[in-house]
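**Student:** According to TrEMBL:
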- 257-352: domain 'Ig-like' (DOMAIN)
- 441-513: domain 'Ig-like' (DOMAIN)
- 543-637: domain 'Ig-like' (DOMAIN)
- 646-742: domain 'Fibronectin type-III' (DOMAIN)
- 744-839: domain 'Fibronectin type-III' (DOMAIN)
- 843-916: domain 'Ig-like' (DOMAIN)
Amino acid sequence: ISLLLFTGSLSLNIRVCLHVCVHFCVYITYLSHACRTNRADRTFCGEAKKCGSHHRYKKNANTLLKLQIVAIIKQPPLKDECCIKIFFFFFDTGKDVTFVVKVDSTNLTRKPTMKWLKGKWMDLGSKAGKHIQLKESYDRNTKIYTYEMKIVKVVQGDAGGYRCEVSAKDKCDSCTFEITVEADILSAFKRADAGEDEGELDFSALLKKPEPELEIDVWELLKSAHPSEYEKIAFQYGITDLRGMLKRLKKMKVVEPKVSEAFLRRLESAYSVNKGKKIVLSVEVTDPNAEAKWLKNGQEIKPSAKYIMESNGNIRTLTINKCSLADDAAYECVVGTDKCFTEVFVKEPPVTITKLLDDYQVVVGERVEFEIEVSEEGAHVIWMFEDQELSRDDKNSKYRFKKDGKRHCLIIQEATIEDSGMYFVYTNGGQSKGELIVEEKELEVLQSIADLTVKSAEQAMFKCEVSDEKVTGKWFKDGVEVKASDRIKISHVGRIHRLTIDDVKPGDAGDYTFVPDGYALSLSAKLNFLEIKIDYVPRQDPPKIHLDVAGNMVSQNTIIVVAGNKLRLDVEITGEPAPTVCWMKGDKQVTDAEGRVRVENRKDLSCFVIEGAEREDEGNYTITVTNPAGEDKANLFIKIVDVPDPPENVKCTGVGEDCATIIWEPPKFDGGAPLKGYLMERKKKGSSRWTKLNFDVYENTTYEAKRMIEGILYEMRVFAVNGIGISAPSLNSKPFMPIAPTSEPTKLIVDDVTDTTCSLKWLAPEKIGAGGLDGYIIEFCKEGETEWHPANTDLVDRQSYTVRNLPTGEKMNFRVVAVNVAGRSPPALLEQPVTVREIMEHPKIRLPRELRTKYIKRVGEKINLVIPFQGKPRPVATWLKDGQPVDEKKVGIRNSNVDSILFIRSAEREHSGKYTLILKIENMEDSMCRYFFTHLAFF
């Protein structure tokens, strides 16, 4: 056909038809080649389904890229719980190719991280530029991130495997794909000297005789090829089972162990060092002149006072001084092109708690701040309430955490009843606990309002004092709320509430009440308006004292004033002519018109004023009025009442395991009012936080404090309470520690008895406690008596004791008491009395088994016979040789309470014979010869 195309004998129409046929054949050839390619691709994808979505796409640089190809790949998450959905869209426009990834971030808490990789490790982010373009965008409505990678004008070098990875916190996903770029099949038939669209097609190459193919061993070719070429070779030689091919290759290849040429000894896999200590990393290199570089987390380490690098022969060392948590990292030693790796783990020393938690007792709404101090700054501590850990990450939590150097605080701004319980704090080297008790809020009236009697145009002031400074309230007159105005002023300063009425008028008289907000409590008083009536009196009218102190007088002519308050006593005086007024305190006249205690005289009125009443102001007062017509006199007793003095001599008289008994003396001055009782507080020694022990008044002067921690030092103080208020605190008691005595000693038995002694043995108490054990006291008494006598003056440390100088023949009872700082334990008693008398025991020889036959020794050898025996009292031991007493110059004899020893330093023939041991106790005896005969023969 190609020859006919180039001849001019055919007509134009026939040539056109032939040309079309040629193009059709070429197209069929191309389709056949493409089908083979697609079939191979499908085989590859089928093998890859088991290990993930691995897809291969072949793009022709001149033909296929001109088509618009859209492919969608759905990659399942690597983990079942992963919520990232990835969709891939590929758009081919001309010679460019674009990959689009969409990530659904609906369930993500932060922006995902996307990486485009070629091969295994090449990050395309560092190659981005004119040829490879990366873009990203975000749709706020759909919460979808879109990532694009565009390859401009694909070339042969862009072929290969690609991978995209997306990660967000603990979630990740990835997908792999491959691009193969092939040349246009029609370009093979263009003339070499023709342009892209010039010249005729040259089919002469198809007419050439194909060269014979050489037989090639495919497996040898695969063994020597790079793994990236495996797929191409498998496709070329028709291998469809890629997984089987890889398994066979793995069996055929023998991996040779890599031998380090630079290192003789490498770093260990890991090192461990305590914080603040130093560590030495050491390697041994082959070349003593080789230079070694040290890297930390991939960054080269520079020599400094902290990092010291040394070279000694073939040894290269890196010393890290004063290791901190920042030195917990991966380290490398690089020599030439060879490297070795290790990891250094820095361990923190145990952090101890130097200042323990205090107990708190507060009312609802108060602020609580638990505080500890630890031994190291920056230490990690864990706070717990009962069994629940308190988290710093919970923004809605009522708890606040504060850290200042070694101080760590747990803060509760407003305590509630639910916050009551035990709080714990833990470090890696210690723990502490503190109890929080939250009581219902109660309001205490420290000073109530009093009735007032005032005259026209004067000032009336009601005042009261409550225990809480934050409490607000309202004033009422005859049930109607009082509003502040120019004449009426309402003030609240600290715990004191005042209602002041200027220029009093008759309409101001009535019942006034103060009601605190939030409390079922009210304080009431009456305002009396004093009217002055002027009657005509004769000019010669004797003076008269009109004493009206009904509001302040509790009994006849007695006025009670609270210390610190003001007393104003207005006495109306009548008489003509105007009488002269004289105030006396005892025998001393009060004449001051100014000052704290003064007298203010007006027409027909004499005012006695005491500002800020004190105890010294108490006494009998007399007012005397005189004029020419006569004289009048009135006697008054002003009693000053105050809070009592503090109690005295607070001390601890006894302690228990979690309790202590406290006593004190009443105050010397009760304030002029009967004592209602006492309030007690305690604190740990060294702490400044006092804890109330009672909210209700306690009447006795002896109190048992409970719920204390054994082994902790405490201090106590006491307040006295009367009808006026609470006294100042007493002096702190001496520190005391709740400690319980030990339990009684156990298993008390009699070990031995003689005519004047008795030996006892026992075991330590089962429960000793925080007070430890100082020793024991042994006591005895005769049977039938109740008075016990100590057998030892000093404490006995051991668990045995011999009581001496006992009367012979008497029956005695014995007991043992354990003693520690808390006192004596319960006694351990013998069940039966012991008769003090020597126990007679027949003498008896315990002959060893090896001595029950003839005893033969060589001349010159040592002889050492130990013969144990028993008997009470101590037996008298006598040795005989051949019936005669032993010559102690030739034979050594040594006797004890339990045995007798016969020894000869160097045996001679004359020592041979029959030896007899005789034991005697009074008229009782035992002899060794009854059981055993000893013959000594020498040769």
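Glycine is no exception: its Cβ is also placed from the backbone N, Cα and C atoms.
Just so you know, TrEMBL annotations never went through curation; they're auto-generated.
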**Student:** So how many of the residues in the domain 'Fibronectin type-III' (744-839) end up helix, strand or coil by DSSP?
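**Tutor:** Reading the DSSP string over the domain 'Fibronectin type-III' (744-839) gives 0 helix, 45 strand, 51 coil.
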**Student:** For the domain 'Ig-like' (543-637), what does DSSP give as the number of helix, strand and coil residues?
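**Tutor:** The composition, in the requested order, is 3 helix, 60 strand, 32 coil.
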**Student:** Quick one: DSSP breakdown of the domain 'Ig-like' (257-352) into helix, strand and coil?
**Tutor:** 3 helix, 50 strand, 43 coil
**Student:** Please work out the helix, strand and coil residue numbers for the domain 'Ig-like' (441-513) from the DSSP assignment.
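**Tutor:** Here the numbers are 3 helix, 37 strand, 33 coil.
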